[in-house]
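K.L.:
My questions all concern the structure below.
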Amino acid sequence: MAEQREIKAKTSWRSPRTICIIFLFIAAVVALMTIAIVQSKPISQKYKYGIVLDAGSSHTSVYIYEWPAEKENNTGMVRQLDTCDVEGKGISSYANNVSQAGNSLKKCMDKAKKSVPKAKHGDTPVYLGATAGMRLLSMENKRASDEVMASVERTLRNTPFDYQGARIISGQEEGAFGWITVNYLSDNFRQAKPTMGALDLGGASTQITFVSKQSSVSPENSIDFRLYGKDYQLYTHSFLCYGKDQVLKLAMAHQLETDEYILHDPCFHPGYKVNKSLGSVFNSPCAKTFDEPSRTFTHIGEGKWEECRNSIRKVFNFSDCSFSSCSFNRVYQPKVEGMFGAFSAYYFVMNFLNLTTHSLEESKMSLSKYCSTSWSEIKSNHPKVKDKYLAEYCFSATYILTLLEDGYKFTPENWNDINFIDKIENSNAGWTLGYMLNLTNMIPAEAPDTPPLTNGGFVTVMLFLSMAIIVLLALSCKFFGRPSCSSPKEII
Ligand SMILES: Nc1ccn([C@@H]2O[C@H](COP(=O)(O)OP(=O)(O)OP(=O)(O)O)[C@@H](O)[C@H]2O)c(=O)n1
Ligand SMILES: [Ca+2]
């Protein structure tokens with residue numbers, strides 16, 4: 001009897017069912033171990049770094065980016081590690097003291113040396129892009145512009161980083177790279193999601209960029225990209241002199257035409273009264289220059305919002321459109337479509353006035369009340385804000401509403417498609433990240449190969465295999481278990 005049982009026990013190990021279960025069990029364990037090793041292979045978290053200086057008309061900012069070296073072609077991997085605002089004005093303000101243009105950058109570059117690991121300094125590219133302030137200086141005084149750029153180049157070459165160039169970028173580049181930045185940070189490229197348009201308002205220029213189904217009528221307004229295997233046909237336009245600082249000069253110059261000594265300004269608060277020299281205000285090719293720059297005029301605030309809007313409308317030419325549709329100043333623009341990110345001064349101004357989530361009508365009502373508030377009350381409500389900035393928020397916000405509604409033809413219905421943003425995923429919205437991604441070829445035209453498994457896929461497979469092992473263990477115990485699992489008396 002015992003021999004029979006022994007034979008039976010031996011033959012059960014050799015039965016096809018047994019072999020099958022054993023095979024499945026081993027295969028599941030091997031697969032589980034392999035995937036666990038492959039998926040979690042210790043990627044040496046080597047990081048790479050990049051530095052971009054945004055030399056704007058009003059100030060320069062230094063942005064330091066980092067990304068995992070292994071994944072530089074995956075979208076959304078680059079993040080802003082640090083930023084530094086250069087003290088003082090933009091580099092174009094050093095036209096008469098060019099060496100200071102380069103010197104002004106030193107403090108922030110020293111900070112960058114601390115942010116980027118020393119061992120990586122030599123491999124870290126540094127780029128400087130100058131925008132509208134230098135475009136204007138280059139128009140006014142090419143020699144001074146070249147000397148300013150040479151000065152910043154000397155400073156950057158003297159850093160331990162891999163200097164990759166300092167140049168004045170075009171308005172079209174500024175618009176297109178801002179669009180790349182906001183869509184890269186929103187991960188819209190990899191997932192081929194609908195993109196968001198980019199609205200950038202600086203001190204001396206402003207850009208609008210968005211994907212348009214309507215073909216642009218001039219090369220100046222169109223840019224085509226192929227990113228991650230998808231083609232994007234962009235409409236873009238940059239309006240020089242329509243940054244908020246320059247457009248203020250334009251508006252004031254219009255008003256001074258009537259009386260060259262007293263400027264009754266509906267965009268400034270009641271009680272605001274400041275003597276200014278013509279030269280201090282009208283010092284750029286954007287606004288007409290007066291022949292007696294030292295002469296002074298009195299700038300008096302009236303705080304009348306409707307009149308403010310009308311005076312601002314005078315800086316635009318809304319007629320004479322020879323295309324199917326225009327924004328202003330005879331510039332072709334297709335109908336705005338989709339979501340938009342509005343950043344830089346759009347955000348600084350609308351955020352200061354708490355208007356970032358208001359509807360268009362609510363913004364108008366709120367602004368009308370704010371602008372009519374007396375200057376003394378405004379100053380007492382914001383004791384820490386410099387008078388120069390504080391005095392201009394009524395004008396700037398009214399300009400923003402006029403630019404977006406009357407200029408770009410946004411409506412009360414699609415106003416909420418405009419998101420006033422400062423950062424996306426902790427990186428500033430602006431042209432610098434897109435500029436670096438483009439120059440370092442980190443946005444491939446074709447989608448990179450997908451990894452063996454996404455994290456979600458990995459977990460699913462692990463769960464499935466674990467369940468399979470448990471079931472197999474249960475089955476094997478059921479089939480094997482009888483000789484060893486049953487009690488001795490049953491055997492007898
Ligand atoms: N925290 C800040 C930073 C800037 N500004 C103002 O916002 C305007 C635009 O700032 P910015 O976007 O930095 O313009 P720039 O890049 O300097 O100008 P551009 O792009 O035209 O060269 C300037 O009037 C600046 O004084 C502000 O109100 N609050
Ligand atoms: Ca800018």
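Using N, Cα and C of the backbone, Cβ positions are placed for all residues, glycine too.
The following feature annotations were taken from TrEMBL:
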type     : residues                               : note
TRANSMEM : 20-38                                  : transmembrane segment
ACT_SITE : Glu174                                 : active site, proton acceptor
BINDING  : Gly203, Ala204, Ser205, Thr206, Gln207 : ATP binding site
TRANSMEM : 458-481                                : transmembrane segment
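Tell me about the surroundings of these features in the structure.
P.N.:
Residues within less than 8 Å, Cβ to Cβ, of Glu174 (active site, proton acceptor) and separated from it by at least 6 positions along the same chain comprise Gly129, Thr131, Asp200, Ser205, Gln207, Ser238, Trp431.
Other C-beta atoms found within 10 angstroms of the C-beta of Ser205 (ATP binding site) number 26, with every protein chain shown included.
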K.L.:
Which one of these binding-site residues has the most other Cβ atoms within 10 Å of its own Cβ: Thr206, Gln207?
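P.N.:
The most densely surrounded of these binding-site residues is Thr206.
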K.L.:
Starting from the Cβ centroid of Gly203, Ala204, Ser205, Thr206, Gln207, which together make up the recorded ATP site, report each further residue of the same chain whose Cβ lies within 8 Å of that point, ordered by sequence.
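P.N.:
Checked against the 8 Å cutoff, the neighbours are Ser57, Thr131, Ala132, Gly171, Glu174, Asp200, Leu201, Gly202, Ser238, Phe239, Leu240, Tyr242, Gly243, Lys244, Gln246.
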K.L.:
Counting only other Cβ atoms and using a 10 Å cut-off, which of the binding-site residues Gly203, Ala204 scores lowest?
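P.N.:
Counting other Cβ atoms within 10 Å of each of the binding-site residues Gly203, Ala204 gives the minimum at Gly203.
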K.L.:
Can you tell me which of these binding-site residues sit near ligand 1, meaning the Cβ is under 6 Å from at least one of its atoms: Gly203, Ala204, Thr206?
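P.N.:
Cβ under 6 Å from ligand 1: Gly203, Ala204.
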